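First comes the structure, then the notes that go with it.
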Amino acid sequence: MTAQMTCLVTISFMVLCGAALAVTGNLIIPLLGIAALLGGTLLIYTAAYYPFALAITFAAASMFRIHEAIPSLSPLRLPLILATVTGISLLWHLAKGNLRPRWTSQLVWFLLFFGLVTLGVPLAASPSAALSAWLDSFSKIFVMTLAIAWLVRRPPEFQTAARAIAVVGLIVALVALRNKASGIELVEDGRVTIGRSYGSILGDPNDLAFILLPALGFSASLAYGARARLERFTFAIAALLVLIAITYTRSRGGLVGCLALGAVFAYSTMRSKSIATVFILVFIGALYIGMGLSSRLTAGSADGKLDESAAGRIEMWSIAMRVGIENPITGIGLANFEREAQKVSGKWKAVHNTWLSVLAEAGIVGLGLFLGVVISTVYTLITAVRSLPLDRDIHHITALALLSSFAGLCGAGSFLSNGFSWPIYVLIGLTAALKSAMAAAPTERRQIQPAARPRKSPVGSNALAYPPPKSP
C-alpha cells in the first residue's frame with residue numbers, strides 16, 4: 001500500500017469514526033468499528049499473502065476448541081469466521097494458480113470417505129441431525145484438511161504449525177490445571193473438565209484427554225529436536241504440564257493414548273530398545289498410579305462384576321455393531337447413534353469407541369474407507385521417520401510428532417468416539433502436506449544445484465585450465 005493510499009484510508013476512517021461519535025454520542029461504537037476494520041483488514045491481508053498462517057490458526061483453534069476453553073472468545077465466532085476466510089483463500093489461490101494441489105493417498109481416501117458420509121446425510125435415520133452435524137463440523141473439517149494439506153509447504157511453515165499446536169494445546173492444559181487447582185468444573189470424584197457448565201465438548205474428561213494428546217506429542221517432539229536450549233526446555237515444560245492435565249482427567253482412553261504415544265516416541269528416539277521398553281513400563285505405571293484408575297477398575301461390588309462405566313461401554317459397542325451390520329453402505333448417518341441407542345436401551349450415550357462409531361454412522365463401507373485413511377497416514381509417517389535421519393530437521397520433528405500423536409489418538413479411540421472430530425483430520429492434513437514436501441524436496445534440490453563450472457588455472461590469472469596435451 002502506497003503512502004498516499006495509507007493517508008487516504010486513515011483520513012476516511014477518522015471521518016467515519018467522528019461522524020459515528022457525533023451521531024451516537026458513544027465512543028464504544030467507533031472503537032468497535034476500528035477493531036472490526038482492523039481485524040477484517042488483517043484477515044484479508046493474511047489470506048492473500050500468508051494463507052498457511054490462516055489455515056494453521058483455523059486448525060489449532062478448532063482442534064483444541066480454544067473458544068470454549070476461553071469463553072470470552074465465543075462471541076467472536078472464530079470457527080465460522082476462520083472456516084469461511086480459509087475456504088475463500090484456498091479457492092482464490094487455486095484459481096490464481098498459486099497452488100498446485102497434490103492428491104496424496106490419504107487425501108484420496110479421505111475424499112472418498114467424505115463423499116460417502118455426505119451421501120448418507122439424506123439417507124440417515126434423522127436427516128436433520130445428520131445435516132446439522134455436517135454443516136456445523138464435518139464440512140469445516142473437509143475445508144480445513146485440504147487447506148492444511150495444500151497450504152503448508154515450506155520448512156518454516158511446518159515449524160509454525162508444530163509450535164502452534166503445542167502452544168494452543170498448552171493453553172487448554174493450563175485452563176484445565178487452573179480448574180483443578182480451583183476445584184471448579186470437576187466431575188466423578190475430581191476428574192477435571194473445561195466448560196461443562198455451559199455445554200462445552202471439553203466438559204467430558206475423556207474428550208479433553210483425547211484433544212490434549214496431540215499437544216503432548218508435538219511438545220515432546222519439539223523438546224527432543226529443537227536446536228536452541230531455551231526452546232527445548234520450554235517445550236519440555238509444556239509437555240510435562242500437558243501430561244499432568246491428561247492425568248487429572250483420569251481417562252482410560254487417555255491412559256491408552258499415552259501408552260501408544262509414549263511407545264512410538266521412545267522406540268523412535270532411543271537407540272536401545274531395552275531401555276525404551278523399561279522407560280515405557282515405568283512411564284505407564286506412574287501414569288496409572290497418578291490417574292488413580294485402580295479405584296475405577298475395581299469399582300462396584302466385590303463379586304467381580306463390571307463397573308457401570310465398563311458395562312455401559314460394552315452395551316453401546318454391541319448396539320453399534322448391530323447397527324453397522326444392518327446398515328452396511330452408509331450407516332445410520334452422522335450424529336445419529338445416540339438416538340438409536342436411546343431407542344434400544346433407553347440411554348442417550350455415545351459408542352465410546354472410534355472404530356465402532358464410524359461403523360455405526362458410516363456403515364461397513366465407511367469403516368473400510370476410514371481405515372484406508374488411517375493406514376495410508378501411518379504408512380506415510382513411518383516412512384518419513386525412517387527416511388529423515390536428521391534428528392533436528394523440522395521435517396523429521398514434524399513426522400515424529402505426527403506419528404506419535406496419531407498413535408495416541410488411535411489408541412485412545414478404543415475408548416472414545418472421535419471418528420468425526422477435528423484432531424484426527426488435522427494430523428491427516430499435516431501428513432499429506434509433509435508427504436508433498438518430501439516428494440518436492442529432491443526436485444527443488446536439483447533445481448537449485450549450481451551448474452558445473454570449468455576449473456580455473458592454479459596460476460593467479462583468470463584463464464581457464466585445460467588438461468595438458470598428451471605426449472607423443
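Using the three backbone atoms N, Cα and C, a Cβ is placed for every residue, glycine included.
Predicted automatically and left uncurated, TrEMBL annotations should be read as such.
The shown structure was predicted, so the numbers you read here are calculated from the model rather than taken from an experiment.
Look at TrEMBL and you will find 32-64, 76-95, 107-126, 133-152, 158-177, 230-248, 254-270, 275-293, 362-385, 397-416, 422-441 tagged as transmembrane segment. The feature domain 'O-antigen ligase-related' is assigned by TrEMBL to 237-371. The region 'Disordered' annotation in TrEMBL covers 444-472.
Mean model confidence of the domain 'O-antigen ligase-related' (237-371) amounts to 86 (pLDDT, 0 to 100 scale). Counting Cβ pairs under 8 Å that are 6 or more residues apart, the transmembrane segment (133-152) and the transmembrane segment (362-385) reach fewer than 3 and are not in contact. Note on the transmembrane segment (422-441): residues 59-60, 62-63, 102, 104-107, 110, 137, 141, 144-155, 158, 161, 165, 210-211, 213-214, 373, 377, 380-381, 384, 387-388, 395, 398-399, 402, 405-406, 409 of its chain, located 6 or more positions outside it, place their CB under 8 angstroms from a CB of the stretch. Taking H, G and I as helix, E and B as strand and the rest as coil, DSSP gives the domain 'O-antigen ligase-related' (237-371) the counts 101 helix, 0 strand, 34 coil.
Long-range contacts of the transmembrane segment (76-95) within the same chain: residues 43, 47-48, 51, 54-55, 57-58, 61-62, 66-67, 101, 140, 143-144, 146-147, 150-151, each at least 6 residues beyond the stretch ends and with a Cβ under 8 Å from a Cβ of the stretch. Counting residues 6+ beyond its ends, the transmembrane segment (107-126) has Cβ neighbours under 8 Å at 134, 138, 142, 145-146, 149, 329-334, 336, 339-340, 361-363, 365-366, 369-370, 372-373, 376, 420, 425, 428, 432 in the same chain.
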